[in-house]
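What Swiss-Prot says about this protein:
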| type | residues | note |
| --- | --- | --- |
| REGION | 1-226 | region 'Pyrophosphorylase' |
| BINDING | 8-11, LYS22, GLN73, 78-79, 99-101, GLY136, GLU151, ASN166, ASN224, ARG330, LYS348, TYR363, ASN374 | UDP-N-acetyl-alpha-D-glucosamine binding site |
| BINDING | ASP101, ASN224 | Mg(2+) binding site |
| REGION | 227-247 | region 'Linker' |
| REGION | 248-455 | region 'N-acetyltransferase' |
| ACT_SITE | HIS360 | active site, proton acceptor |
| BINDING | ALA377, ASN383, TYR384, SER402, ALA420, ARG437 | acetyl-CoA binding site |
Amino acid sequence: MGLSVVILAAGKGSRMNSNKPKVLQTLAAKTLIEHVVSSVEKLNPDNIVVVTGHLKEQVEDALQGRNITFVYQQQQLGTGHAVLQALPYLKEQKVLILYGDVPLISTEVLENLVDTTNYDDLGVLTAFVENPQGLGRIVRDKFGAVTEIVEEKDANDIQRQIKEINTGIYCVHKNLLQKWLPEIKANNVQKEYYLTDIITFAKADHVSINVTHPINEFEILGVNDRTQLASLERVWQRNVAEKIMAKGVSIADPNRFDVRGNLDVGKDCWIDINVIIKGNVKLGNNVVIGANCILKNCIIEDNVRIKSNSMVDGSIIREGAIVGPFARVRPECDVKEGAVIGNFVEAKKTILGKGSKASHLTYLGDSEIGANCNIGAGVITCNYDGVNKHKTVIGDYAFIGSDSQLIAPVNIGQGATVGAGSTIVKDVPADNLAISRARQRHIDTWQRSVKKTDK
């Protein structure tokens, strides 16, 4: 089955009050038009044509690297005029026409429209909605056949009562478009060339009109302002949350959970409120994610606990490990089985060995820490000399006392102990105690200063 796709994306979207085109507003961290393109790409069309207009360079940059032909509509003269600009770039086959600001349209709905529309038919996707205000109405004759689509600005009082609306999504052969598009006239209030006029031409030419409907009403909702954008964001997120819960994951409040990428989940996980997923994230079984956590491009293995207000980015947290609360795991970390990254601990480009613990107030950067180590409160691996980063290596079973600074590059041997408050600048041999601090003195003649008082 041959198929071409036309996506109309020339609109300015003035109600957005934005410096970028409407189709480049984001929903779930993807632009509106990227959502649409992703849905149609799954149909494996022969070509995709995007009709641009306002700030066309921005739209082209956003879709760079995809197999798309861009066509510029210099004057905004309506949807019929927009499709006419794309006509020379279409193959002699079925053409699917849709909009770049309808982000939740599913591949399944589009596929049904294409599959049920014969080569000599006109396929129209319509929907029944409770509030059709602002939308084009589907007018039918007494036999139920579609006769025309009337835009609200051109509709009479009776037509405005109609609940069946035009979604603006069509499937029609290029040969019919070549005949009909030049015949469209701007005989309307807006003085624009409406694509909806092809319904009238189809009736006149005795072309069958195939009508299909979406699975869910939200799939055909467009975005014209930021209020509608926020509303569709919640619809999208709720839909994603329900799919995740169906896989065996408990979400404390689906209305306070955001996926801005892809989430692969195991079973019996628990996700608390205000958790944000970014990029590609994988959760194992029995994972617990506390409130207000952000997970980005990471792997969380079985039985891990990510406590509240923690961030994990570009890292792997191994089975049974604990992160947080208030912890930050930056890219290229590997937190091994049963290890602990505790409260107010930051780690970057660090391996924390199996069973090792950094429980509080610590910075671990460019570090390789062995198994069963204890990293005390306030420990800092000083990895930056002002120009280059250097590595700290800590052997198995080492004990690093609180408030110690390890000046990289430095090696702490297996089983070594660093006394609290030390500044370590040289390698520490295995099983040695290293202390580097001033000797404690008691000055019995010292007197505390007394606050002066005005006389």
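Cβ coordinates come from backbone N, Cα and C, glycine included.
Projection of Swiss-Prot feature records onto the structure.
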residue : record                                        : contacts (Cβ under 8 Å, 6+ apart)
GLY11   : UDP-N-acetyl-alpha-D-glucosamine binding site : PRO21, LYS22, VAL23, GLY53, HIS54, GLN76, ASP101
GLY78   : UDP-N-acetyl-alpha-D-glucosamine binding site : ALA186, GLN190, GLU192, TYR193, TYR194, LEU195
GLY100  : UDP-N-acetyl-alpha-D-glucosamine binding site : ILE7, LEU8, ALA9, VAL23, LEU32, ILE33, VAL36, VAL50
ASN224  : Mg(2+) binding site                           : GLY13, ARG15, MET16, LYS22, ASP101
ALA377  : acetyl-CoA binding site                       : SER359, HIS360, LEU361, THR362, SER402, ASP403
ASN383  : acetyl-CoA binding site                       : GLY365, ASP366, SER367, LYS389, HIS390, LYS391, THR392, ALA408
TYR384  : acetyl-CoA binding site                       : GLY365, HIS390
ALA420  : acetyl-CoA binding site                       : GLY376, GLY401, SER402, ASP403, SER404
*asked:* Excluding near sequence neighbours, so keeping only residues 6 or more apart in the same chain, what lies with its CB under 8 A of ASN374 (UDP-N-acetyl-alpha-D-glucosamine binding site)?
replied: SER356, LYS357, ALA398, PHE399, ILE400
*Of all the Cα pairs drawn from ALA377, ASN383, TYR384, SER402, ALA420, ARG437, the residues the record ties to acetyl-CoA, which distance is largest, in Å?*
22
*Mind checking which residues reach the region 'Linker' (227-247)? Cβ under 8 Å, same chain, six or more beyond either end.*
16, 25, 27-28, 103-104, 218, 221, 254-255, 257-259, 263, 265, 267
*So which one is it: of the binding-site residues ASP101, GLU151, which has the fewest other Cβ atoms within 10 Å?*
GLU151
_I'd like the Cβ neighbour count for SER402 (acetyl-CoA binding site), meaning other Cβ atoms within 10 Å of its Cβ, all protein chains included._
17
*For ARG330 (UDP-N-acetyl-alpha-D-glucosamine binding site), write down the residues of its own chain that are at least 6 apart in sequence and whose Cβ falls under 8 Å from its Cβ; none is a fine answer.*
ASP313, GLY314, SER315, GLU346, ALA347, LYS348, LYS349
*Could you give me the DSSP helix, strand and coil counts for the region 'Linker' (227-247)?*
20 helix, 0 strand, 1 coil
_Among HIS360, ARG437, the one of these recorded positions whose Cβ has the fewest neighbouring Cβ atoms within 10 Å_ = ARG437
